[in-house]
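Reviewing the structure listed below.
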Amino acid sequence: MNVDPRTQLTRRALVVWTAAVLVYVMAITGRTSLGVAGVEATEHFHIDASQLAVFTSVQVGVYALVQIPTGMLIDRFGARRLLFAGALVMAVGQLMLGLTASYAVAIVARVLIGAGDATAFLSVMRILPFWFPLKHTPLFTQLSAAIGQAGQFLSAVPFLALLGARGWQTAFISLGAVGMLVAIAASILISDAPAERRKQQSGSLRDVLRLPVCWMGFFNHFTMLMPLIVFNLLWGMPTMTQGMGLSASTAASVLVINTVCTVLAGPLHGIVSARAGRRRELFSLSYSVILFCATAVFFWPSQPRGFVAIALLAGLLGLLGPASNYGFDSVRENLPHSVVTTGTGLANMGGFLAAMVAAQGIGTVLAQVSDGHWSWSAFQVAWISMFVVWGLGIVGLAATRVWFNRGRAR
């Protein structure tokens, strides 16, 4: 007798979910690979800090801007097709990055990586309500995000080691080749739903844009994920190696600490989100204020702090960062299946749009104040850009939560 996976956990559901999460792991690996290779990228392409920031700004910007169109495509055509296509596009982007020494071509490669990356997490979120009981979806949301952070470990340890041992070309071509294999595995193992279902009708994008729960998810993601992206994808490694004087291996260990904390905290945040219900964004608001203050304290002194301080900050970012996914649970609980991925796409834009602005702001300011030498004092001034963006996000989260609660009270 066939068991409905929406009422009971099944082995087939776990296989489908694992294959989808594997694509997400590769997406995170590709997303963060240039972050650990930032210094090497300046040498390989002969660029300055502002131009280096463009890599992340372009990739993250493309990722964010295609979230809603990607969500609509997933709602219409299913997660399996989009995961396969996205994994292939990411792999092509990594191969291009490995084969070129042209800055312009590398920018195009990062555009492809960002566009392919955009399909991964949304597709995983789409699969969950069809393959798992509703009471388990908050936990599997956090497990998906936590396991995905293994990609950060892959870029910080084996990829960085390969980059140092074999050079730029071998490292990025290898990443692209593995991505191709993952795409093939995904196409074989993933199904959109336990049984064939009729083609879904897409809901109105206008209706999604009017819903306060989607904008609350947007600003929840904005405030909780933005500092993690800025730190992990681009400016964490240069700050530690150039500004603080840490070795590349020591700085990589800080990224590993962040990843381990994120993975360990993810399932706990799933439990918190499931139990908190309508209060979950209030938790996020508190977490974001704590992280804002802790990061400000880290950057305050005129002399750089040491390894212990940055390890503690990275650990705290990892422990609280998974709260960025709380908004997805709120969206899933308040939207019909026909538009849930579109609404999730809007929410998922928040952290990446904010990171695009903050990362580019840091690079622009750093290029202006550093005179080619990335000192601690230069990084102190440059990181103010992130705090400005972060503060706006905290205000936005508080305001949209009030909007959402007023709407429910009517």
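Each residue, glycine too, has its Cβ placed from N, Cα and C.
TrEMBL: automatically predicted annotations, no manual curation.
As given in TrEMBL:
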- 12-29: transmembrane segment (TRANSMEM)
- 16-408: domain 'Major facilitator superfamily (MFS) profile' (DOMAIN)
- 82-105: transmembrane segment (TRANSMEM)
- 111-131: transmembrane segment (TRANSMEM)
- 171-190: transmembrane segment (TRANSMEM)
- 211-235: transmembrane segment (TRANSMEM)
- 247-270: transmembrane segment (TRANSMEM)
- 282-300: transmembrane segment (TRANSMEM)
- 306-328: transmembrane segment (TRANSMEM)
- 349-369: transmembrane segment (TRANSMEM)
- 381-404: transmembrane segment (TRANSMEM)
Exercise. What stretch, picked from 12-29, 111-131, 171-190, 211-235, 247-270, has the most CB pairs under 8 A with the transmembrane segment (381-404)?
Worked result: 211-235
For this session: May I ask whether the transmembrane segment (211-235) has at least three C-beta pairs under 8 Å with the transmembrane segment (306-328), counting pairs 6 or more apart in sequence?
Result: yes
For this session: Please indicate, using numbers and ranges, the residues of the same chain that are 6 or more beyond the transmembrane segment (12-29) and have a C-beta under 8 Å from a C-beta there.
Result: 5, 79, 83, 86-87, 90, 116-117, 120-121, 123-124, 127-128, 131-132, 140, 144, 147-152, 154-155, 159, 175, 178-179, 182-183, 185-186, 188-191, 194
Problem set entry | Model confidence over the domain 'Major facilitator superfamily (MFS) profile' (16-408), averaged pLDDT | 89
Problem set entry | Any contact, the transmembrane segment (349-369) to the transmembrane segment (211-235), with at least 3 Cβ pairs under 8 A | yes
Exercise. With an 8 Å cut-off on Cβ pairs and a sequence gap of 6 or more, do the transmembrane segment (211-235) and the transmembrane segment (282-300) reach 3 or more such pairs?
Worked result: yes
Seminar exercise, completed: Long-range Cβ contacts under 8 Å made by the transmembrane segment (247-270), restricted to residues 6 or more beyond its ends, are 36, 39, 138-143, 145-147, 149-150, 152-153, 156-157, 160, 164, 228, 231-232, 236-237, 240-241, 307, 310-311, 314-323, 325-326
Problem set entry | Same-chain residues near the transmembrane segment (82-105), Cβ under 8 Å, at least 6 residues beyond its ends | 20, 23, 26-27, 30, 33-34, 44-47, 51, 70, 73-74, 111-113, 115-120, 122-123, 168-180, 182-183, 186-187, 190
